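The next block holds one structure in the form of structure tokens; read it before the comments.
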Amino acid sequence: MQPPGLELFPTLKPPHKTLIFYQISVLLITFLSYASFHASRKPPSIVKSVLGPEIQFKNTSSVQLDENPIGIDTGWAPFNGSHGPHRLGELDLAFLSAYSVGMYFSGHIGDRIDIRLFLTIGMLGSGVFTVVFGLGYWLNVHVLGFFVLVQIMCGLFQSIGWPCVVSVVGNWFGKSKRGLIMGVWNSHTSVGNIIGSVVASSMLGFGWGWSFVLPGIFIMVMAIVVFLFLLVNPEDVGIELPGEEVEMSVEGVSLVNSEKDEHEEAGPIHSENVDSLAAIGFLEAWRLPGVAPFAFCLFFSKLVAYTFLYWLPFYIRHTAVAGVHLSNKTAGILSTVFDVGGVTGGILAGYISDMIGARAVTSFGFLLLSIPALIFYRIYGSVSMFSNIMLMFLSGLLVNGPYSLITTAVAADLGTQSMIKGNSRALATVTAIIDATGSVGGALGPLLAGYISTRGWNSVFFMLILSLSLAGMFLIHVVKTEIKGKQNEGKWIWHSITGH
């Protein structure tokens with residue numbers, strides 16, 4: 001179905017516009033739409049220091065304060081007591097648990113109905129409940145159940161976004177440069193976090209409610225743009241994508257054969273791609289090669305990424321940097337350095353994985369290097385502002401690299417692999433399975449951080465390092481398979497050249 005915006009502006013229809021124009025427009029619209037999702041998801045982490053209990057210093061004579069006096073942080077019931085961090089962690093759990101459960105269903109539904117309309121509903125619902133959370137400030141709400149219920153509804157609506165946008169992008173782009181394209185495109189996550197952090201932090205001086213209202217309005221405006229202009233498939237405007245490369249399987253590893261004139265092989269595959277429109281079953285998707293290892297890897301990888309997403313501003317606020325405790329606003333804005341590193345990491349991981357043709361090897365390398373990066377950030381991040389920024393940037397780059405790669409290029413690869421003959425209607429289901437499993441870890445991380453942080457931040461960082469180690473372990477078998485596949489590919493190419 002063509003979006004109504006094309007009827008309002010006929011010049012946007014073929015033959016006035018080319019395939020490149022539509023691909024760029026799809027990338028831009030989906031980029032902004034998911035950036036708005038993350039912008040509306042960021043305020044709870046920024047507001048934590050305002051809602052939570054007042055910071056207590058053991059040696060007040062040796063501590064300097066930023067422009068915000070400590071007495072201002074009086075907290076907001078029911079989050080301002082001794083169990084405030086626990087309640088804040090439970091609030092994160094409410095959102096992310098609903099998000100995880102909703103993800104399994106939203107991917108299944110997204111393969112069966114109009115994705116553009118489904119995505120619009122998700123964005124509007126997310127915007128409404130983000131604004132409702134902020135209204136708790138002016139309505140003077142102090143009931144935990146109200147905030148938990150709003151977060152549950154936010155999580156359910158937000159779960160619609162990811163399977164939809166990945167499915168749309170997967171429909172418009174082939175595999176050849178998918179890692180780099182999706183690495184750049186997936187920076188929407190970090191860009192959205194940055195927008196949400198800056199807006200929410202800047203609004204704290206006017207009352208924490210505004211930190212929710214403005215991001216909520218932003219995502220609702222973007223919902224209108226999606227409804228009017230998003231094209232889900234090239235077929236919606238009568239465009240056919242250039243023929244995909246023929247894939248050959250050597251010992252379970254996909255190899256690319258660029259000789260398009262081998263009609264004996266290319267013809268049947270192409271016809272099956274066109275006719276393969278039936279949506280894949282949930283259990284069938286789980287059994288696809290590579291889905292389970294990457295899903296469980298993302299479980300632990302996302303646990304780490306979401307702990308930073310929801311607790312980094314709180315950690316910065318409660319940890320002196322060069323002997324100075326920063327204000328809520330400064331801590332919130334400073335935390336965006338992690339997301340800037342995430343943008344770089346996502347692009348770098350996508351480029352490297354395209355260059356070497358090995359998604360698992362790339363992800364494993366990033367996970368391995370992120371462990372010492374977190375250790376150094378914990379030990380030396382408080383020495384000076386420069387060391388804090390540099391180590392936070394490096395941590396964001398290495399933590400978000402594999403997270404970004406798995407949720408985009410890997411999910412799209414697995415959802416369009418040759419075993420299911422390029423079935424585009426499997427893409428949202430596979431994407432949802434991988435990201436939903438990751439989101440379970442994403443829900444667990446912030447909850448554990450809320451409880452463990454009361455024992456000391458060293459314990460929190462130990463949990464994060466252990467999670468990164470487990471994430472890497474789940475990829476070991478896939479890494480071995482990729483390395484073996486590269487060896488077989490070299491033998492196959494040598495055989496093609498020499499005939500021996």
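Every residue, even glycine, has its Cβ placed from backbone N, Cα and C.
Annotated features in TrEMBL:
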type	residues	note
DOMAIN	45-484	domain 'Major facilitator superfamily (MFS) profile'
TRANSMEM	20-39	transmembrane segment
TRANSMEM	117-139	transmembrane segment
TRANSMEM	145-173	transmembrane segment
TRANSMEM	185-206	transmembrane segment
TRANSMEM	212-232	transmembrane segment
TRANSMEM	291-312	transmembrane segment
TRANSMEM	332-352	transmembrane segment
TRANSMEM	364-383	transmembrane segment
TRANSMEM	389-414	transmembrane segment
TRANSMEM	426-448	transmembrane segment
TRANSMEM	460-479	transmembrane segment
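Here the domain 'Major facilitator superfamily (MFS) profile' (45-484) has a mean pLDDT of 80 out of 100. Among the recorded stretches 20-39, 117-139, 145-173, 332-352, 426-448, the one sharing the largest number of Cβ pairs closer than 8 Å with the transmembrane segment (212-232) is 117-139. Long-range contacts of the transmembrane segment (364-383) within the same chain: residues 301, 304, 319-322, 345, 349, 391-392, 394-395, 398-399, 401-402, 405, 457-458, 461, 464-465, 468-469, 471-472, 475-476, 479, each at least 6 residues beyond the stretch ends and with a Cβ under 8 Å from a Cβ of the stretch. Sequence-distant contacts of the transmembrane segment (20-39) (same chain, six or more residues past either end, CB-CB distance under 8 Å): 119, 123, 126, 158, 161-162, 165, 168-169, 172-173, 181, 185, 187-193, 195-196, 199, 215, 218-219, 221-223, 225-226, 229-231, 234, 237, 239.
Sequence-distant contacts of the transmembrane segment (145-173), counting only residues of its own chain at least 6 positions beyond either end whose CB sits under 8 Å from a CB of the stretch, comprise 22-23, 26-27, 30, 33-34, 37, 40-41, 44, 90-92, 94-103, 105-107, 110-111, 115, 118-119, 121-126, 129-130, 132-133, 136, 181-182, 185, 230, 232-234, 241, 407-408, 411-412, 415-416, 424, 427-429, 431-432, 435-436, 439. Below 8 A, the CB atoms of the transmembrane segment (185-206) and the transmembrane segment (426-448) form no more than two pairs separated by six or more positions in the chain, fewer than 3 in all.
Stretch with the largest number of CB pairs closer than 8 A to the transmembrane segment (426-448), among 117-139, 291-312, 332-352: 291-312.
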